[in-house]
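Scroll down for the structure; my scribbles are underneath it.
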């Protein structure tokens with residue numbers, strides 16, 4: 001249909017013709033997409049609309065040119081907000097709630113609400129949670145939680161132990177062990193309450209990257225800053241997600257429309273502080289199996305650092321290519337440098353410092 005308004009086949013039509021087309025066929029479009037099209041027309045200073053931008057919109061794809069047109073537009077979205085719409089089903093209300101919990105811009109919320117199909121579902125966070133809860137602690141050891149006072153605490157192939165740091169998988173698999181039911185319970189709750197909505201919006205690839213980057217940074221931080229301690233628990237990944245989400249809310253405070261956001265932030269910070277304080281206390285508490293100390297708390301700090309750097313960039317740029325973000329490359333480079341430094345530290349520093357490490361399990 002647009003080709004009728006572009007007889008010369010230039011790939012563009014004038015904004016006036018575009019508006020007349022919208023007025024004639026606007027009733028056939030989703031109201032949210034119609035609103036975005038009007039914003040696109042009003043924001044274009046060149047007086048013409050790219051046909052490909054229209055195709056991208058109708059196929060739920062946003063090109064860089066389309067994003068720039070919206071970002072540079074001066075038209076305010078004057079129609080009723082998504083929050084004011086009535087007659088929604090339970091699933092639609094859930095999707096709307098997730099949009100307001102995680103996205104600061106109304107146009108992004110409407111776009112997400114229109115395009116979300118729950119295909120694929122948020123499988124990563126759910127899978128990690130199920131595996132952490134059942135796979136090792138429940139099936140292999142016939143215990144749901146492996147306490148640090150349990151005789152098999154150190155005799156397993158998952159936790160990070162400084163004497164076994166050459167076994168590279170331990171820098172990641174330590175997340176499937178927890179130091180008590182309260183440790184496991186808090187991590188599971190935070191993973192589900194924060195991680196699942198974030199994955200619904202940003203996708204499994206981005207959220208899994210933040211989570212795994214936090215996990216690896218946590219164990220490497222322990223190997224550098226607390227060299228004699230083992231590590232258990234998924235706090236590195238959990239803290240990366242939660243700190244990235246909280247930082248995103250703070251940076252976009254006026255745009256975030258989630259209910260009771262100040263109370264929710266306070267509760268999240270209290271829970272994180274309680275769990276971190278417990279980890280610090282446990283680290284310096286007399287060990288049940290001397291001379292091996294209790295698990296380190298440095299993994300929490302490693303996760304927080306990943307969250308407020310890489311995590312913030314990923315959550316801030318909804319559906320935008322990270323390859324085009326300068327700050328993304330800066331923080332990614334810093335992270336890679338830290339990983340390389342930690343690897344060399346693990347290879348050389350332990351022998352050079354002549355540390356007295358706990359005996360291998």
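Any Cβ shown, glycine's included, is placed from N, Cα and C.
The domain 'EF-hand' annotation in TrEMBL covers 1-28.
The transmembrane segment annotation in TrEMBL covers 123-146 (among others).
What TrEMBL lists as transmembrane segment is 207-225 (among others).
The transmembrane segment annotation in TrEMBL covers 231-250 (among others).
Residues or ranges marked as active site, nucleophile in TrEMBL: 235.
TrEMBL lists 262-284 (among others) with the feature transmembrane segment.
Annotation comment: TrEMBL describes 296-315 (among others) as transmembrane segment. Residues of the same chain lying 6 or more positions beyond the ends of the transmembrane segment (296-315) and with a Cβ under 8 Å from any Cβ of it are 102, 198, 202, 206, 209-210, 213-215, 217-222, 225-226, 229-231, 233, 235-245, 247-248, 251, 275-276, 279-280, 282-283, 322, 325, 327-328, 331-332, 334-335.
According to TrEMBL, the active site annotation covers 300.
According to TrEMBL, the transmembrane segment annotation covers 327-353 (among others). Away from its own ends, the transmembrane segment (327-353) comes close to residues 162, 165, 213, 216-217, 220-221, 223-224, 227, 306, 309-310, 313-314, 317 of its chain (Cβ-Cβ under 8 Å, at least six residues beyond either end).
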Q: Can you tell which of 235, 300 has the least company, meaning the fewest other C-beta atoms within 10 angstroms of its C-beta, among these active-site residues?
A: 300
**Q.** Positions whose Cβ lies under 8 angstroms from the transmembrane segment (231-250), at least six residues beyond its ends
**A.** 102, 104, 128, 132, 146, 148, 159-160, 174-179, 183-184, 187, 190-191, 194-195, 198, 207, 210-219, 222, 256, 258, 261, 265, 268-269, 272, 275, 279, 295-296, 298-300, 302-304, 306-308, 310-312, 314-316
Q | Separation of alpha carbons, residue 235 (active site, nucleophile) and residue 300 (active site) (Å) | A | 6
